[in-house]
Amino acid sequence: MPIPRMVDTFGPIPDEYVSLDRRIPLDVVFKLLQSSREGLSTEELLRRRPLAGPNTNKFYKDFYKDEGDDVLKFLGFMWNPISWVMEMAAIMAIALANGGGQPPDWQDFIGIITLLIVNSTISFVDENNAGDAAAALRTSLTPKTKVLRDGKWREEEALFLVPGDVISIKLGDLIPADVCLLEGDPIRIDESALTGEISPVTKKPGDDVFCGSTCVQGEIESVVLATGALTFFSKAGHFVESTDNQGGHFREVLTAIGNFCICSIALGMIIEIIVMYPIQGRKYRDVIGNLLVLLIGGIPIAMPTISSVTMAIGSRRLSEQGAVTKRTTAIEEMAGMDVLCCAKTGTLTLNKLTVDKNLIEVFAKDVEKDGVILLGARASRVENQDAVDACIVGMLADPKMARADITEVHFLPFNPVDKRTAITYVDSDGNWYRVSKGAPEQIVDLCKVGEDVKKKVHESIDKFANHGLCSLAVAKQAVPQKTKDSAGGPWQFVGLLPLFDPLKHDSAETIRQALNLGVNVKMITGDQLAIGKETARHLGMGTDVYPSSLLGQHKDESIAAFPIDELIEKADGFAGVFPEHKYEIVNRLQERKHICGMIGDGVNDAPALKKADIGIAVADATDAALGASDIVLTKPGLSVIVDAVSTSREIFQRMKSYTIYAVSFTIRIVLAFLLLALIWKYDFSPFMVLVIAILNDATVMTIPRDKVKPSPIPESWKLREIFATGIVLGTYLAVMTVVFFWAAHKTNFFSDKFGVRSIRDNPHELTAAVFLQVSVVSQALIFVTQSRCWSYLECQGLLLTSAFIVTQLIATLLAVYAKWGFARIHGIGWGWAGVVWLYSIISYIPLDILKFIIRNELSGRSWNIFYGIRRLSNIAEEGRGRLNGQGSNAGYTDSSHLKHPNFLRIKTTMEGCP
């Protein structure tokens, strides 16, 4: 037990107690802690708090803003491979360019450094703002703990615990500090977050329980041994790293694209060095200038900023919608989520139970309906109640009746495995009794009733279930041995209580919209099968709900032909499940290559929440569910999930369009200026390429905030499509620049056709013309990659369009009027500017066609884009009719057709895109 090393502030430490395997007597524990079973007073808390410090650790860091060093955080935005390339370009401009009788290239050096600082500042400010917004919401989610303060139980933030505090631990609690268990029944603790061991361990009074573990069964009081950095696993350095350190596919994609761009630039530079020095015999300074053009122009300098700002703004938007992300990679995973598993109670329903007294079924001859309610109330907590306890006790005329004229000896709290509670008590006559309430199957097995009673019980359960009512069974027994641990006499089945748990107001609509977005929703509930089917029917999600027994070895003959994985895939839900079933369902869906989400609120949902690609905890979830989740909903209802999916897909679309653009831009710059330099020995100005980069930066910085049309179906990263599209579009634009330069430099085509003066022998005016042509069509490319359909028919975002107009107006004015000797540029006038714009517009038109050809080639749909559109239109129209309730039966809207794989393809086709 780690007490001695934890509490050295509050008392002397005998060395003989330093052992993890030896239990310390509780009296000694309290003596060392200078505390008592009555806990600490407020005065003592205030005295100890400065000594103990805040109870912060890695298990709670998701709930508090990370207050790191701002200077280091700012500099961190300059520490990545993309920034390294620009920093190398700055070094080349100030150091290596100092030769050939010319001074260092101060203009490029200052411009590059300024660009780096501006990008880092934008990233730093946006991430800080997003962090502040999310932190404000996360504060409301900080774990709370029931503490014995000044002799009374009260709820306080776990952040303020100190050694010596007495706290209560119950089912679903995340253990907030290292504690020693006091008197009570053994509890079950999940230590997988600490040790990796999946199976819960049993902890008895006197045992230590470490911070970060979770209570999965039982209730008990405990005394705090250590908090914050002094907890055992914190000191030992054995913490599991936060899941936010997982890069996810997004960072892998950015790394791959960054490496591709860097390698493309490096290859271009190597070719230039090999050709220019030994073959062409070019001057040293000319070679350095051409290398700077590739370095400055080719690297997507805005990529780190765009990625961090897009994720930061996305996280902030989700927070505003009521979904707090604990790790940013959950955003991209939600965009690709194609299956969502939902717990029922407390997730799809309100978990606000009511009982219709008239429907109560009584099975004991000597008990009335009021007696069933009273016995159920006795088997309930009168304090610290769950929804079932509150409902049953609330039916009494006076809640105090639950403990009137009896003395509680022992209470067995609910757990997800046994699915029942029990109380052992002594009545006013000194007789001992035990009452239990819980799931009917467990209570029936407990009572060992005959087949006739069992049949009657099941008939009542089915009758309730057909009306959407859950059943709660009550049983009692005498305890003649008069000890809490004795087996007692035979159990008597007393009665059944019908519980009604209304659906949340937006559950059905949320499921309909989720199905419409291509997300297959599955309900996973511990209730009876009939309840599950009735609930699914009301939700309009299909009624292919199966019992959890099918997940094992025993199968119904009617579906025995289905492999278990296929059964899980096709099912609309499962009933009668235990926590291990939820975990198994999620695991098998992931093995089938699905991006699986799980939404729940209880400790029984925690394993599946942690296993899922996206774990979502609803508002008012238990600590266990909050700790296992990736996203926490802060608003009641489920509609925020649909908003979160749409927002995530918008974020994904922004990043996907930018990554294609970044690859295209790199290929376009490297290939175009490489060919111009090698074929015609044309030296473009490094400073003007820096101007292109700055203008381009100003435009693409609007992407994270611009309007974008999200995908109607789940998205995923396809590097093959990104690279293929980027390389083809970039190569096409590079060729168009080479053709433009050839026509302007080697022919009189533009002079003859448009009546402009010839610039073929004026390299400075050629620089102005090439600068404008590269700037215009390169920035216009973002509209092609940003749109899902024809870019010139799709309404583009106002912010992006405005930025494009302003930056290209600046580029045009520079091309028309600039006379900068150091940049080797001379204005070409408005006539040539008009010619360049016309050429750029003509060059732009085929870009959409190329985009569609690549997309359809990769999907194998090149020659049958429009095949069967009419047939698909009819099917889609029929689907819309069914969605609007046409042909529905008794108010039931069947949305199961939405899960058919062809429907998703129909939806995409109906968008009007090839």
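Cβ atoms here come from the backbone N, Cα and C positions, even for glycine.
According to TrEMBL, the domain 'P-type ATPase A' annotation covers 142-239.
Under the heading transmembrane segment, TrEMBL lists 256-279 (among others).
Here TrEMBL flags 291-313 (among others) as transmembrane segment. Within the same chain, residues 77, 80, 82-83, 85-86, 88-89, 92-93, 97, 105, 108, 112, 115-116, 119-120, 122-123, 126-127, 129-131, 250, 254, 257-258, 261-262, 264-265, 268-269, 272-273, 328, 331, 651, 654-655, 658, 662, 665-666, 669-670, 673-674, 677, 684-686, 689-690, 692-693, 696-697, 700-701, 703-705 sit at least 6 positions outside the transmembrane segment (291-313) and bring their C-beta atoms closer than 8 Å to a C-beta of that stretch.
Feature annotation from TrEMBL assigns transmembrane segment to 658-680 (among others).
The annotation transmembrane segment is assigned in TrEMBL to 686-703 (among others).
Beyond the ends of the transmembrane segment (723-744), by six or more residues, the same chain brings 260, 659-669, 671-672, 675-676, 679-680, 682, 750, 759-760, 766, 769-770, 773-774, 777-778, 781, 784-785, 836, 839, 843, 846-847, 850-851, 854-855, 858 to within a C-beta distance below 8 angstroms of the stretch. The transmembrane segment annotation in TrEMBL covers 723-744 (among others).
Annotated transmembrane segment per TrEMBL: 797-818 (among others), in sequence order.
Sequence-distant contacts of the transmembrane segment (830-854) (same chain, at least 6 residues past either end, Cβ-Cβ under 8 Å): 721, 724-725, 728-729, 732-733, 736, 740, 750, 754-757, 759, 765, 768-769, 772-773, 776-777, 780-781, 784-785, 787, 790-792, 812, 815-816, 862, 913-914. Annotation source TrEMBL lists transmembrane segment at 830-854 (among others).
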Could you give the residue numbers and ranges of same-chain residues that sit at least 6 residues beyond the transmembrane segment (658-680) on either side and whose C-beta is under 8 angstroms from one of its C-beta atoms? 253-254, 257, 260-261, 264-265, 268, 271-272, 275-276, 280, 290, 293-294, 297-300, 303, 306, 310, 689, 696, 700, 703, 722-723, 725-727, 729-731, 733-734, 737-738, 741, 745, 770, 774, 778, 781-782, 785-786
In terms of Cβ proximity under 8 Å, which residues at least six beyond the ends of the transmembrane segment (686-703) contact it? 93, 105, 107-108, 111-112, 115, 118-119, 122, 289, 292-293, 296-297, 301-302, 305-306, 309-310, 654, 657-658, 661, 665, 669, 673, 767, 771, 774-775, 778-779, 782, 786, 797, 799-800, 802-804, 806-808, 810-811, 814, 820, 822-825
May I have the DSSP-based helix, strand and coil counts for the residues of the domain 'P-type ATPase A' (142-239)? 15 helix, 41 strand, 42 coil
